[in-house]
Amino acid sequence: MLRSRFQSLPGAFNACLVPVEKSEKPKKKGLKTTFSRKFDKITSSKENEAAKFAQMWNKIISSFREEDLINNREMDLLLVPYGVDPDVDLIQWPPFLLASKIPIALDMAKDSNGKDRELKKRLNSDDYMRCAVRECYASCKSIINFLVLGEREKMVINDIFTKVDEHIQKETLITELNMSALPSLYEQFVKLIEYLLANRKEDKDGVVIVLLDMLEVVTRDIMEDEVPSLLDSSHGGKHEGMTPLDQQHQYFGKLGFPLTTETEAWKEKIRRLHLLLTVKESAMDVPSNLEARRRISFFSNSLFMHMPAAPKVRNMLSFSILTPYYSEDVLFSINALEKPNEDGVSILFYLQKIFPDEWKNFLERVKCNSEEELRGDDELEEELRHWASYRGQTLTKTVRGMMYYRKAMELQAFLDMAKDEDLMKGYKAAELESEQQSKSERSVWVQCQAVADMKFTYVVSCQQYGIHKRSGDARAKDILKLMTRYPSLRVAYIDEVEETSKENSKSKKMVNKVYYSALVKAALPTKPVDSSDPVQNLDQVIYRIKLPGPAILGEGKPENQNHAIIFTRGEGLQTIDMNQDNYMEEAFKMRNLLQEFLKNHDGVRYPTILGLREHIFTGSVSSLAWFMSNQETSFVTIGQRVLANPLRVRFHYGHPDVFDRLFHLTRGGVSKASKVINLSEDIFAGFNSTLREGSVTLHEYIQVGKGRDVGLNQISMFEAKIANGNGEQTLSRDIYRLGHRFDFFRMLSCYFTTVGFYFSTLLTVLTMYVFLYGRLYLVLSGLEERLRSETLVENNKPLQVALASQSFVQIGFLMALPMMMEIGLERGFRSALTDFILMQLQLAPVFFTFSLGTRTHYYGRTLLHGGAEYRGTGRGFVVFHAKFADNYRFYSRSHFVKGIELMILLLVYHLFGHLYTGVVAYILIITSMWFMVGTWLFAPFLFNPSGFEWQKIVDDWADWNKWISNLGGIGVSPEKSWESWWEKEQEHLRYSGKLGIIVEILLALRFFLYQYGLVYRLSIIKNSQSFLVYVASWLVIVLILLIVKAVSVGRRRLSANFQLLFRLIKGLIFTTFVTIFLVLLTLPHMTPKDIIVCVLAFMPTGWGLLLIAQACKPVIQRAGFWGSVRTLARGYEIVMGLLLFTPVAFLAWFPFVSEFQTRMLFNQAFSRGLQISRILGGQGKDRSSKNKE
């Protein structure tokens, strides 16, 4: 795509990114113009436009090199000549378009045998080959004329070039000249260019010899006619032997070599010519890095989209960026990079395998051959820290990306203000000149910096910076390094100071905490910065505002933004999260985007929030990250596109939207921060803007990078946070007011694109519960037997079809549909179909079905009890193994309990019900439910790295036993003790209202249905329907509970001093139980099926009693039964843990299961050459070699 459209690219550049001069005609607008976005191909006469394009394009390519996406060779191939060469009066395309053209043309000319038909045909059809040939000839002519200073030699050279020019004009070059000698001339010319590249004084004799050889080849082998000026020459001709030897040696004696002052333009010209001559292979794979290709493709395509005309930098709207930061990674330390995890994998080793090409490019940039050469040098180690941090989700990566805006504006301001001669020299030359005369305020570069500073401000709100600074935290030092690296960066933080105050009456000194909102920048160092200097002395306070009290009263993140927003400036405010990135090429389009604020989009209002497209850059880490990336990409593109137009219900879904700063500052700010209700503060900014007559738009010609969660636990925490937030939105006034003020269509659109999606998900799962409990009632009551005799009910096909269609929603196929559409639109439907099949092979339906359970649980619990809380998902690299206890803690209530409940329902139905007669109906209805059960129970282990390795299983079992048996108490974290975790899991009930408690109790009553129906299905009761059977079942339950209580009391009172007695009592209870069991098997002929039915009947009843006891905790505690409830709960947890652990441990016996899991989890990395087996197996070989050293 880039190659085919590159001829139109300079025109598109100038049309979109270069301001319109007053003399130029304004650009046409309208629907017709939008559909026919044609740009003029650049002509060589438009030197200024060509220079502007070249400098902006080269800045983009240079940023790719700085980011190590391309190597030096690829950078040289992609660069466009910096300034217009007056000696080469034609368009100079980047060498990657002209690569291998000269060697091909040379071979064709050599083999032409005086016939130029084929070569002419090729040159006429291939514009790039024609340009390469013409440029090489013009450059050769220019370089020879520059080098040769002698008058006689100049005359000879001019005669030769005059004859060649005449042949070119007459189109007789190949027919009249002998082209078979061209390879010899080519070899000599390449030697000459290599001498010029080296530019060494000792090579002067070699240059003379090469020039003599070239002259000899041209005059003797290529040209048949004599060159007139050579008749009297000492080199060649009839009088060759008549000239004295000393005169012959003086030929080419005067040369402009070596060059005393090499300009950038000269160096670039020689490098470019060397590439054109020597690159023989095709450059179709340049750039080879997939990310570089994606970025160039998006950028070049975006220039053909409709966007507002760019104003000059001094006339553009000014804007600020605000990034909230708490305590995430700023810059990876060397220790953190090299520290191996439990699998022996360090972050650095992982990154080297994930990004092998970028690692090679980095080593080339720092001029090292291996990692060992980086050690010991502080500067190189710092470069290594930055390289790794730029590939994580760190503050350093975000700051670098956002500071591209300032670099882009400096270059754009230079192109706006520079005179023609400065423009031809280039921005790089102006920058170098400014460094030499930095005190001069008149230099163009200083003016560009001043304009950029007036239009752009970047504030990072580091809430804890003051605390980190006082404690000597490494993060404070790293933030200071960022401010030093980027002098225009500003850091806002909340400073807590203890001040003494005297009371007037008693004259007592009181120590009070005073809070300030402070803004700092890096102070100019008066002496070299030494590592021993304290951090506090290296930043400088700009503003310090006293606050009436603690700033963080509500949710942390919005409060962090609110205290720092006063330090921002300008008309626009872009909110950027800590896990985002930006690109140089996208920064050039920012002034176009800000012009959208001045356009009336819907005919009524000017926009107040400009939505931007996001690219998820974490998709290549694992299959889960790829699923999440595709899901998020479909939402931020095709999803938000429809929301913005025609539905007009797009809000603010997080960052990186650009706010109308003045509009929002006068209407409550960009972040509502009330505790709990504003958990998802992002979308409330959109609600607030829309309610106050604002307008939200989306613009897809500019993108910002965004990192997403890459491990199942991280993804589930993110889903839980969003589901909690939607639950709070459902209860909020904002949604209520929007519903009342929207028209009917926008109201429905708003519902289904916000809380309605989660409510529908909840209904989907509830429908399945109602269906299964309805079936359970029909089976256990005997109604199903009677209904089967009814023909209408037996052959009710429409009902089965309706039920079967729901299975597609349950399995998660509908979640993949928007992804397929978006991938199809952008990359073609064949790619979409391929990706869809790959996702199915990597068990994407398992992931989406599991996510369905996460959303349902947390949304439903928030609706019922409230109490949503912020969940930090973490931004690390997930290649570590999550322990069984960790998975159990996180998924026990949201998935495992519900999965076991559904499994019991299906088992009862299989035992006593009648299956569907149709095979399709059975597969779609029952199999989809079993699929959901399996997914909810075992997906966390399936997507857990090394989840089926036997040694990990053994370690997990030991850790699980330790966790389940540890006692809780004050100060014991949930990660250390089951009791602490169990108490924390019930916290939401403490803050729930009476209605929530009543609903919780009513929902728990459903478990008694099992017992009531199943006890009458026991063969031991001889089909009796007496109510006494049900009473007897309750007596059995009470007896079991009393035994549990007795054992609990006995353990507490007897186990310490009367161990033998306690063990005798336990042995007696066990013996009695076995005796009763054997008697029941022998006398009333109890069957194995009855044993299963008893378990299915009494286990749910006990769980229902537990849920009721937890809901009525204050009452149970006063009655003194809370300890027994805890004991019973522990027993249930142990049973559930065994039920989950046993299949996983069984599969871990088979090595191929672990191999399959590794392949499934990391297939994306495999396709890019990742040796995941080495990663998960550890760096045994590498570590051992290092230890030896």
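Each residue, glycine too, has its Cβ placed from N, Cα and C.
Copied over from TrEMBL, here are the features:
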type     : residues  : note
DOMAIN   : 94-279    : domain 'Callose synthase helical'
DOMAIN   : 286-375   : domain 'Glycosyl transferase 48'
DOMAIN   : 379-995   : domain 'Glycosyl transferase 48'
TRANSMEM : 755-780   : transmembrane segment
TRANSMEM : 801-821   : transmembrane segment
TRANSMEM : 833-853   : transmembrane segment
TRANSMEM : 896-913   : transmembrane segment
TRANSMEM : 919-943   : transmembrane segment
TRANSMEM : 995-1015  : transmembrane segment
TRANSMEM : 1027-1048 : transmembrane segment
TRANSMEM : 1060-1084 : transmembrane segment
TRANSMEM : 1090-1111 : transmembrane segment
TRANSMEM : 1132-1152 : transmembrane segment
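Beyond the ends of the transmembrane segment (1090-1111), by six or more residues, the same chain brings 897, 901, 904, 907-908, 911, 986, 989, 997, 1000-1001, 1003-1008, 1010-1011, 1014-1015, 1017-1020, 1033, 1036-1037, 1040-1041, 1121, 1125, 1128-1129, 1132, 1135 to within a C-beta distance below 8 angstroms of the stretch. Per DSSP, the secondary structure of the domain 'Glycosyl transferase 48' (286-375) breaks down as 43 helix, 7 strand, 40 coil. Among the stretches 833-853, 896-913, 1027-1048, the one making the largest number of Cβ pairs under 8 Å with the transmembrane segment (1060-1084) is 1027-1048.
If one looks beyond the transmembrane segment (896-913) by at least 6 residues along the same chain, the residues whose Cβ comes under 8 Å of a Cβ in the stretch are 768-769, 772-773, 775-776, 778-780, 784, 853, 857, 888, 926, 929-930, 932-933, 935-937, 1010, 1014, 1017, 1089, 1092-1093, 1096, 1099-1100, 1103, 1136, 1139-1140.
For the transmembrane segment (1027-1048), the most Cβ-contacting stretch among 755-780, 833-853, 995-1015, 1132-1152 is 995-1015 (pairs under 8 Å). When pLDDT values are averaged over the domain 'Glycosyl transferase 48' (286-375), the model yields 89.
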